[in-house]
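A short write-up of the structure that comes next.
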Amino acid sequence: MSTMRLLTLALLFSCSVARAACDPKIVNIGAVLSTRKHEQMFREAVNQANKRHGSWKIQLNATSVTHKPNAIQMALSVCEDLISSQVYAILVSHPPTPNDHFTPTPVSYTAGFYRIPVLGLTTRMSIYSDKSIHLSFLRTVPPYSHQSSVWFEMMRVYSWNHIILLVSDDHEGRAAQKRLETLLEERESKAEKVLQFDPGTKNVTALLMEAKELEARVIILSASEDDAATVYRAAAMLNMTGSGYVWLVGEREISGNALRYAPDGILGLQLINGKNESAHISDAVGVVAQAVHELLEKENITDPPRGCVGNTNIWKTGPLFKRVLMSSKYADGVTGRVEFNEDGDRKFANYSIMNLQNRKLVQVGIYNGTHVIPNDRKIIWPGGETEKPRGYQMSTRLKIVTIHQEPFVYVKPTLSDGTCKEEFTVNGDPVKKVICTGPNDTSPGSPRHTVPQCCYGFCIDLLIKLARTMNFTYEVHLVADGKFGTQERVNNSNKKEWNGMMGELLSGQADMIVAPLTINNERAQYIEFSKPFKYQGLTILVKKEIPRSTLDSFMQPFQSTLWLLVGLSVHVVAVMLYLLDRFSPFGRFKVNSEEEEEDALTLSSAMWFSWGVLLNSGIGEGAPRSFSARILGMVWAGFAMIIVASYTANLAAFLVLDRPEERITGINDPRLRNPSDKFIYATVKQSSVDIYFRRQVELSTMYRHMEKHNYESAAEAIQAVRDNKLHAFIWDSAVLEFEASQKCDLVTTGELFFRSGFGIGMRKDSPWKQNVSLSILKSHENGFMEDLDKTWVRYQECDSRSNAPATLTFENMAGVFMLVAGGIVAGIFLIFIEIAYKRHKDARRKQMQLAFAAVNVWRKNLQDRKSGRAEPDPKKKATFRAITSTLASSFKRRRSSKDTSTGGGRGALQNQKDTVLPRRAIEREEGQLQLCSRHRES
């Protein structure tokens, strides 16, 4: 006991010595409250905070005033009663008068000027979130615009994708619109229509009539009480509060005068403890107390200003204290967890979801700060319905956009009477055509006039089928700019917008795209695709290289070197056969001794044998006789068989099964991967193919080359290939294969790449997307898509490439006929040479015979004279005279021919040793004839 007394005395002594060190720091907290009762609650909350924190270093002190009737008095009261007391923060509630919305404003302006934090208790106007106006304002309640988060969550829970946003054109309405649109963008969606009206307007009928024409049946309303009442009255007159409609509103729209006219079934929101000023006082004091203790632990803390004295009295620590307050997390609040966002607004607020039933508000769910938890069994929807409305009406008149792309969509002009010409398909069925409006010319720079035209093809048949199945009508128009759709910058800014069919769909000019629109990720981020109605990929179109048959086509199976070797082999083998048979002792033989020996194999016969074996023409005579030569003959026959068989096989490959050589092998062809100006290839500008090449890093080199040569449309590019202005065109395989089957000078080459499909495009919130996909799947199952494919895509006018033998034409075999003609000409030429040679040889033989006959007669006469006969026989003398006369005249003709042929020099006979007798022989014969003549005369 004595020890305790000593400690107490020591403590009292130390405090008396250093009193300042023992006294707690007084922290004043100001408040502007609605009533004296709330001032008492404020003081009690401060005392509770002192007890809760239990720190002897800090003592919170409450300083409060009530609301003043006008803004000037309120500002003066803040300066004289609160700031003069060096308050660290000021709490302010909403004034009790409903129409006085701006009472917190003078408090916020005055305290904010000196950087003193202000905590709003029940103020929910969105203007206080603007920190350029209210620098130091925080609040323990969320603004009205935060109700958009609850609406957005309810849309997600009930799968409502079609909404109409009806807002007043004031700060509150614009804030709600901005927040909801931001949330919808994160979900890649948007409101079907945003309708604004001026605050205080008394007539919104025209606006609601516009809303009634839309598909959406979920209406979100943000307006004041009086404006909401005006909207409710007009909606009831237009029958927009009955079955099928959904009304989502906030707290103001089901309060006061608005509740009197609100339709049964409406769903509204009420902030839990939103008007419980005492609860918010307790939570605000707790947040400030927690922040003060955290602030005073820091260094260089200055005291708040003492009074409103110019701009030199700004609290330097005020911004720091505000940041400490905004980062506070007060978990044990009466109204729940208290936290602030970057604008100083309350986060994680809890709402009650209220349903108006029989003119009474019934709670049918809650929002716990992150999720909506509804009680669907308790909800009564407009019109007394108990089933959740689907939130949209199915429009029976759809705007269809398409594009000219054969064979999917053909476009032809109408007849003079505005109708379409009757045509028939390959199956004999009439072609189904629809009237479509669109520009008569989509080429760049040309004047465009929207005119009615006739559309038909694969996609039109599909559209007619879908309309019949899903019970809707349609109006078709061609895309204005002739493009499928890609994103492009607007006025060289960073903002991008879609053009083509994509742009028309997203802007609301069309409800559906029925065209060969390629499904890709970039487009799927903005629109909804149906299941593919046609699977395909990308391929390459080139001009077909038609082979030109030359006269030497029959020689193509062998190279020139091989032909030379075969020809050389024929003659070498012939010479070897001749030599072997010549030198063999068995080259000539006879069957028995009585027969004469057979002739040996001559060089001519050997040559004939060699060629005959090679050409399989049969050997009638001149076969080798010796065993060695016959061995060579058999080997040569085997060689000839192999050569002929190889030639025949290759000849069939070159002439019968010949196909045009494809110019490129596919996307990995070196001419594509390593582009040059000698080989130009391209695709269509701003198409899915263009996007594909632009997005692929490994194809960047190809894209840079293609970008300079891309065409406006596929039809232009295909014609450029046919005109040899473009070497290769990369496009959808379904289109290019059809073009190749219709235009026989074109061919597709290479394997498919970038496999994808064609789908029907709809907006993200389209009510038709599920039904369209189901209808397409059923069409695949029942064979309808296969029938369309056969009718429009796979129909071929050109012969398809196959492995069946092709028919030979004269061009293929012209060289063979020329070879025969050459043989005939050579034979005729040689026969004349043979005739001339034969005549020359016969004349020479006759001359020799006459000469020998004359010599024989002379010898006979000489022998007779020697034997004693005086006179020769007169007949013999006459014969001898005739022979010598003929022989002499013959020699004279030869000599004169020789003289005329030798002109001024040596004659041709001197250069031809085998055509005339030697000069000496002629002179010797002439001498003998002269001797015979003299002897006869003697």
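Note that Cβ sites are derived from N, Cα and C of the backbone, with glycine treated the same way.
What Swiss-Prot lists as signal peptide is 1-18. What Swiss-Prot records for 19-559, 649-811 is topological domain 'Extracellular', and it gives experimental evidence as the kind of evidence. The N-linked glycosylation site annotation in Swiss-Prot covers Asn61, Asn203, Asn239, Asn276, Asn300, Asn350, Asn368, Asn440, Asn471, Asn491, Asn674, Asn771. Sequence annotations record features per position, and here Swiss-Prot assigns glycine binding site to Pro516, Thr518, Arg523, Ser688, Asp732. The transmembrane segment annotation in Swiss-Prot covers 560-580, 628-648, 812-835, and the record cites experimental evidence as its basis. Annotation source Swiss-Prot lists topological domain 'Cytoplasmic' at 581-604, 616-627, 836-938. Residues annotated as region 'Pore-forming' in Swiss-Prot: 603-624. Positions annotated as intramembrane segment by Swiss-Prot: 605-615. Sequence annotations record features per position, and here Swiss-Prot assigns region 'Disordered' to 889-938. Positions annotated as phosphoserine by Swiss-Prot: Ser889, Ser890, Ser896, Ser897.
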Shortest C-alpha distance to Asn239 (N-linked glycosylation site) - which of the binding-site residues Pro516, Thr518, Arg523, Ser688: Arg523
Recorded positions: Asn239, Asn300, Thr518, Ser688 - member with fewest neighbouring CB atoms within 10 Å: Asn300
Neighbours of Pro516, Thr518, Arg523, Ser688, Asp732 excl. site residues, C-beta within 8 Å of centre, glycine: Phe484, Leu517, Ile519, Asn520, Ser687, Val689, Ser756, Phe758
Asn771 (N-linked glycosylation site) and Pro516 (glycine binding site), distance between Cα atoms, whole Å: 19
Among Asn276, Pro516, Asn771, which are recorded positions, the residue with the most C-beta atoms within 10 angstroms of its C-beta: Pro516
Of the recorded positions listed as Asn276, Asn491, Thr518, the one whose CA lies nearest the CA of Asn203 (N-linked glycosylation site): Asn276
Nearest recorded site to Ser688 (glycine binding site) by CA-CA distance, among glycosylation sites Asn368, Asn674, Asn771: Asn674
Largest inter-residue Cα distance among Pro516, Thr518, Arg523, Ser688, Asp732 [record-listed glycine binders, Å]: 17
Integer Å distance between the CA atoms belonging to Asp732 (glycine binding site) and Asn350 (N-linked glycosylation site): 54
Position of peak Cβ density within 10 Å, selected from the glycosylation sites Asn61, Asn203, Asn491: Asn61
Cα distance (Å, whole number) from Arg523 (glycine binding site) to Asn276 (N-linked glycosylation site): 50
Distance [Cα-Cα, Å, rounded] between Asn674 (N-linked glycosylation site) and Thr518 (glycine binding site): 27
DSSP-derived structure type at Asn300 (N-linked glycosylation site), helix or strand or else coil: coil
